[in-house]
Amino acid sequence: MDKSIPKATAKRLSLYYRIFKRFNTDGIEKASSKQIADALGIDSATVRRDFSYFGELGRRGFGYDVKKLMNFFAEILNDHSTTNVMLVGCGNIGRALLHYRFHDRNKMQISMAFDLDSNDLVGKTTEDGIPVYGISTINDHLIDSDIETAILTVPSTEAQEVADILVKAGIKGILSFSPVHLTLPKDIIVQYVDLTSELQTLLYFMNQQQ
């Protein structure tokens, strides 16, 4: 992907993909920027600006070809082939994610999970067929795998140490649910999911409306 694309635009790519998949399922062949914008709750100028980073995706007055754009975003997001990811941390959030069927919506799947060697799940397989291993064996299990992405759901006090282990094992991208900033090499991509912060932000905006 072109590194000059703004982060805000990049974060909307999966949303565009989801919308075009829905349009396709509904039998819609052409969609205007307004239809797309209304479906996402943004303005049509933002849609047109986002799409402009990728060249000529549609013709003015004719709308956007739904199937073409669906395939276009699938290609950008690498959703034509299955992407295996790993999960580290089988606490409450981790266990919930182990039961979440990513592959029902996109071609992503958690193919293995890790926790402290003493965790009662280690050595077992989940109902969905995901094996759970001890964290001391990460290198052994990653060496022959195609996994480059990890979901991190460990306590904040352990996040940096575990992230360092993942990077040394060859992980290139981390989705972290731990509310601490990770200090990692610049070529490692990290996305943060801070549920507490998001809820506090929601409550703030709700209070502002009162």
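Every residue, even glycine, has its Cβ placed from backbone N, Cα and C.
Here's what Swiss-Prot has on this protein:
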DNA_BIND  15-54  DNA-binding region
BINDING   GLY89, CYS90, GLY91, ASN92, ILE93, GLY94  NAD(+) binding site
Take the mean position of the Cβ atoms of GLY89, CYS90, GLY91, ASN92, ILE93, GLY94, the recorded NAD(+) site. Which other residues of that chain put their Cβ within 8 Å of it?
ARG95, ALA96, LEU97, ASP115, THR153, VAL154
Long-range environment of the DNA-binding region (15-54) - Cβ separation under 8 angstroms, sequence gap at least 6:
2, 4-6, 9, 62-67, 69-70, 72-74, 76-77, 79, 105
Which one, from the binding-site residues GLY89, GLY91, GLY94, has the smallest tally of other C-beta atoms lying within 10 Å of its C-beta?
GLY91
Reduced to three states, what secondary structure does DSSP give GLY89 (NAD(+) binding site)?
coil
Sort out for me which one of CYS90, ASN92, ILE93 has the most neighbouring CB atoms within 10 A, since those are the binding-site residues we care about.
CYS90
What are the DSSP helix/strand/coil residue counts across the DNA-binding region (15-54)?
28 helix, 2 strand, 10 coil
Would you report the average pLDDT that the model assigns to the DNA-binding region (15-54)?
94
